[in-house]
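Worksheet: one structure, shown below.
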Ligand SMILES: Nc1ncnc2c1ncn2[C@@H]1O[C@H](COP(=O)(O)OP(=O)(O)OP(=O)(O)O)[C@@H](O)[C@H]1O
Ligand SMILES: [Mg+2]
Ligand SMILES: [Zn+2]
């Protein structure tokens, strides 16, 4: 039941995209089958984590056109993009962390983007072709849930340059895992390598009695069993921590607000593994030179 | 000829009330609310159908434990899947049309729109008191197509689901705008996953904060249908495809869930008297 695009891209367009994305070393796409499992939170923290040492240039692109949450999570709500001679310029959180989202194009928080596929695809293309990304070590792409227009388009347009791989986010229960298996099949179909799976919201530790509850029970063995069965890596598990949501609502990085929490250390490990994966998969250009 | 046949079919002719369940953000509990609303309405003696228009991530078949069922054809179109002998709840979902459950539906808009039109026109629902439409998150192809296709049948309105935190409430504000623009009445807002009571010590933690949904309802001048707490018995019951309303009347989410159904019932009985 696939209608995979790609291949049909006019050569001139591909060349244009390639030219614009030439300065991008690594691209990581963050996916999930199901909604609300923590993709944007992970994307935001991955961007923060990679940018933390100040040495790397990081770009975060939000292609969730109908429900952009990146501006709020990065503390950039109300910001607008600026037009410069060389295209749109991203909104910067730090000098080395630039962000682009449809949220920066809306005039009020009540504005709804009620768009069908072709219009969304057009904007995604613009985000890649018309934004002056400059030299970037990591481009992180946050996506909406599912396997539809946005996903096909981002994969198609980025094929002009290169995708290191995808990180897939899930929660432990079967209702979520059944969608993740579809997402994994999507990656196989469009030939995007899978860096690994992150199990989010696995277990909640009561702040009072310190005992754990499974709010989203892993009734079929959770992400661990699924990863074994499908032969993909499990990058780690992140517990439910109410402070993560609070940091996101305030637009702050949970990693620097509560660095000693189990969730923060789990995130740091996962970010480390993503980085190692990317280091081992150097961009094509460097290989051929 | 064909058009005449389709018009004659009028598969939604026997459906009294159509309502949509929407949310801007994913994973906030649309399918959960759709499922529990259907179960509660059945408990009150109603006949209910659920049309699942989440084409990339259908959850409804599993939540009723009928994920291995297939739909069949009849003269009037597709026969929905019944979850019980009495045929009091019937379902239609793309999940019933896939060869393998893990198949990814990698479709762009136009193909999704075509299937949704078929879902609206060609399912032989028969007589129903309520048809609940469960949707994917957002305001895009599936939503526009569903609302357009249902317009001739004058849907009662939409229930908007949110979780309490600001990131989610922001998305529901955009969903409200969608309803306004498409002329869909907002039946009310449900705040889901608000508060978790520790089963070990009874301490309540607001994992996803609290109150955002109620505040938004006030701000937007639409009814607030209630807060459903995070309830491990609810998620477990959905995993196993059990009848939560029948089996867990003492659980923390039960009162809020039945109250939502009651408000819907009160609303339609007032409207028709
Ligand atoms: N009040 C609650 N208490 C405990 N678990 C809940 C509650 N509400 C929903 N859940 C669980 O949360 C998960 C997400 O809910 P659900 O699938 O209904 O969301 P959705 O909005 O339909 O998601 P999607 O956007 O992916 O369609 C499910 O596993 C469900 O069982
Ligand atoms: Mg759903
Ligand atoms: Zn406790």
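Any Cβ shown, glycine's included, is placed from N, Cα and C.
TrEMBL does not curate its annotations; it predicts them automatically.
Database features, via TrEMBL:
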type	residues	note
BINDING	A:33, A:34, A:35, A:36, A:37, A:38, A:39, A:40	ATP binding site
BINDING	A:206, A:209	[4Fe-4S] cluster binding site
DOMAIN	A:25-181	domain 'AAA+ ATPase'
For residue A:40 (ATP binding site): DSSP state (helix, strand, coil): helix
By Cα-Cα distance, the member of binding-site residues A:35, A:38, A:39, A:40 nearest residue A:206 ([4Fe-4S] cluster binding site): A:38
Rounded distance in angstrom between the Cα atoms of residue A:40 (ATP binding site) and residue A:209 ([4Fe-4S] cluster binding site): 30
Sequence-ordered binding-site residues from A:34, A:35, A:38, A:40, A:206, A:209 with Cβ under 6 Å of an atom of ligand 1: A:34, A:35
Other C-beta atoms that fall within 10 angstroms of the C-beta of residue A:38 (ATP binding site): 24
Residues among the binding-site residues A:34, A:37, A:39, A:209 that border ligand 3 - Cβ under 6 angstroms, in sequence order: A:209
Distance, residue A:209 ([4Fe-4S] cluster binding site) to residue A:34 (ATP binding site) (CA atoms, angstrom): 31
Integer Cα-Cα distance in angstrom, residue A:39 (ATP binding site) to residue A:209 ([4Fe-4S] cluster binding site): 29
Cα-Cα distance linking residue A:209 ([4Fe-4S] cluster binding site) and residue A:38 (ATP binding site), given in Å to the nearest integer: 26
